[in-house]
């Protein structure tokens with residue numbers, strides 16, 4: 001069953017945080033390289049900065065937005081890449097206790113995604129129970145909750161039909177309808193709906209996913225795939241692109257392909273050591289902070305609770 005395999009996420013003790021918030025780090029396209037040392041300098045710098053952010057800002061978990069292993073995923077659940085690109089890189093004290101909630105990108109689908117699902121049996125940090133799944137987040141000290149829906153956009157957009165596009169879309173519609181009392185609803189996938197960068201908007205998601213995000217008043221859609229940091233807003237939905245965990249690219253080749261005025265923030269400086277996003281959900285707002293691996297705050301935006 002792809003729904004809520006872990007129950008509500010429990011807050012971790014020992015991290016800086018105010019009461020009444022759920023906080024997490026969102027990083028995409030972080031998956032190293034297939035040759036020694038199997039991690040890029042950007043991945044190492046981003047991992048260290050994520051550890052500092054978890055300690056200083058607070059974090060309950062990490063959201064991994066796909067392309068977890070470049071360039072052809074993993075072979076099996078014992079693949080040494082799990083150690084070389086994941087376990088031995090994200091070693092900062094602030095990260096060691098945090099669960100990772102994982103989804104697959106196109107480079108993962110070039111290898112064995114079922115091996116990534118199975119790796120959860122080998123590592124207490126790695127949670128990837130199904131190609132798509134749902135997490136319920138309780139805002140402590142309040143009676144409010146949030147919902148995080150994890151998608152496989154590669155399957156949705158025709159990268160194989162193991163689970164069928166129809167089944168995933170029907171599941172998503174059902175989960176969105178069931179989330180009507182959640183204060184925030186976040187949807188995550190690898191491919192962007194809107195992006196101004198090299199890959200640009202994903203036509204299949206503009207067609208299939210965007211109408212659902214708007215109809216169900218989703219707070220934000222989080223993704224990677226383009227190797228930069230972006231924030232766009234359209235139709236009351238925030239679009240968070242966090243794909244700078246391993247590569248950084250400055251192209252805005254598709255700036256004319258997004259709705260006019262939707263792009264609010266873009267960072268893709270080629271000399272940058274990478275970056276990621278920190279999200280904080282409390283009773284009043286869902287705050288997205290974009291951080292460079294230097295620790296520099298690049299942009300911050302507060303998204304309102306849904307009208308319940």
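Keep in mind that glycine also has a Cβ here, set from the backbone N, Cα and C atoms.
All protein chains included, residue 70 (Fe cation 1 binding site) registers 23 other Cβ atoms within 10 Å of its own Cβ. For 29, 67, 70, 227, the entry in TrEMBL reads Fe cation 1 binding site.
The 10 Å shell around the Cβ of residue 190 (Fe cation 2 binding site) contains 31 further Cβ atoms across the protein chains shown. Per TrEMBL, Fe cation 2 binding site is recorded for 67, 106, 190, 225.
Remark: residue 204 (disulfide bond) has 156, 157, 158, 191 as non-local neighbours, by Cβ distance under 8 Å and separation of at least 6 in sequence. According to TrEMBL, the disulfide bond annotation covers 157-204.
What TrEMBL lists as domain 'Calcineurin-like phosphoesterase' is 24-228.
Around residue 112 (N-linked glycosylation site), the same-chain residues at least 6 positions away in sequence with a Cβ under 8 Å from its Cβ are 73, 74, 75, 76. The N-linked glycosylation site annotation in TrEMBL covers 112.
Residues 29, 67, 70, 227 make up the record's Fe cation 1 site, and a Cβ search at 8 Å around their centroid adds 28, 30, 31, 105, 107, 224, 225, 243, 245, 246, 247 from the same chain. Here the candidates are the binding-site residues 106, 190, 225, and by Cα distance the one nearest residue 70 (Fe cation 1 binding site) turns out to be 106. Using a 10 Å radius centred on the Cβ of residue 227 (Fe cation 1 binding site) and all shown protein chains, the other Cβ atoms total 24. Per-residue pLDDT, averaged over the domain 'Calcineurin-like phosphoesterase' (24-228), rounds to 96.
For the pair residue 190 (Fe cation 2 binding site) and residue 29 (Fe cation 1 binding site), the C-alpha distance works out to 9 angstrom. Spatially close to residue 225 (Fe cation 2 binding site) yet at least six residues away along the chain are 28, 29, 66, 67, 105, 106, 190, 191, 192, 195, 199, 202, 241, 243, judged by Cβ distances under 8 angstroms.
Within 8 A of the CB centroid of the Fe cation 2 site residues 67, 106, 190, 225, the other residues of that chain are 28, 29, 65, 66, 104, 105, 107, 108, 153, 154, 191, 224, 243.
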